[in-house]
Amino acid sequence: MLLSLISMVSMNIFYYIIYKGKYKYFEYYRVSQTPWPWEIDKNEFTKILKKTLILVSFNQLVLGPFIAYASLMLSGVNLKLSYEDFPSSWTILVHFGFFIVVEDFGFYWSHRFLHHPFMYKRFHKQHHEYVVSIGLAGAYSHPVEFILSGLMPTSLGPVLLGKQCHIITLYLWVIMRNLESVDGHSGYELPWSPFRLLPFSAGAEYHGYHHSHNIGNYGSLLTLWDSLCSTNTSFLSYIKKQFKDN
Ligand SMILES: [Zn+2]
Ligand SMILES: [Zn+2]
């Protein structure tokens, strides 16, 4: 958990440097020309930043480890722990592929559920306070949302694999999931991002649209379920229009 938090903080520092530096190279890949939240209203941004840091610390340092430990104890899932069982790169890759498909399914439906008016105003509206999303926004979620569409979909794959899964694969997966969340909220569609290598990859433009327009695009890593359920048609029309206008 600590390692995952460190990797998330490091990636946010990387984006902080890019946001502040406004480097020509990176600006070319910005998904929206809308000013950053601190450029629109500095005081308002300071308030949301404080709330974000408190909530992220609580979710990542208290709630996450507690739920992870409790659910491992209660479910009786025995992950591989020994050095002898250390997985090969190929096994890690195959397990990652499985986790991605399972996570995307869980995230899509839990996220869509969080957009039900009853759930939205109680638990998900907070995450959408970032109309222009930044890397840090990925972890800014109500504890109920953190459990429903963070912990549960992320841990479902490893739980289903049970004793086939090594604890190191689980750690790497949690780190990757956190990094992808920062990448998807960063506001930059960097072509060399390793997450773009995934087939049906979603990305920063895709999820940025979800924040700016709040219509569809419920998927996390992939666009698969959005395409199957036609919940990304608004985004696709928007992209088509952007393409024509340019
Ligand atoms: Zn949402
Ligand atoms: Zn988001």
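The backbone N, Cα and C atoms fix where each Cβ goes, glycine too.
All annotation found in TrEMBL is predicted automatically rather than curated by experts.
The residues of the domain 'Fatty acid hydroxylase' (98-231), classed with DSSP into helix (H, G, I), strand (E, B) and coil, number 93 helix, 4 strand, 37 coil. Residues annotated as domain 'Fatty acid hydroxylase' in TrEMBL: 98-231.
The transmembrane segment feature in TrEMBL is assigned to 52-72 (among others).
The transmembrane segment annotation in TrEMBL covers 92-109 (among others).
Nonlocal intrachain contacts for the transmembrane segment (130-152), taken as residues 6+ away from its ends with a CB within less than 8 angstroms of a stretch CB, comprise 8, 11-12, 15-16, 19, 32, 34-37, 40, 48-49, 51-52, 55-56, 58-60, 63-64, 67-68, 106-107, 110-111, 113-114, 122-124, 178, 181-187, 207-208, 211-212. What TrEMBL records for 130-152 (among others) is transmembrane segment.
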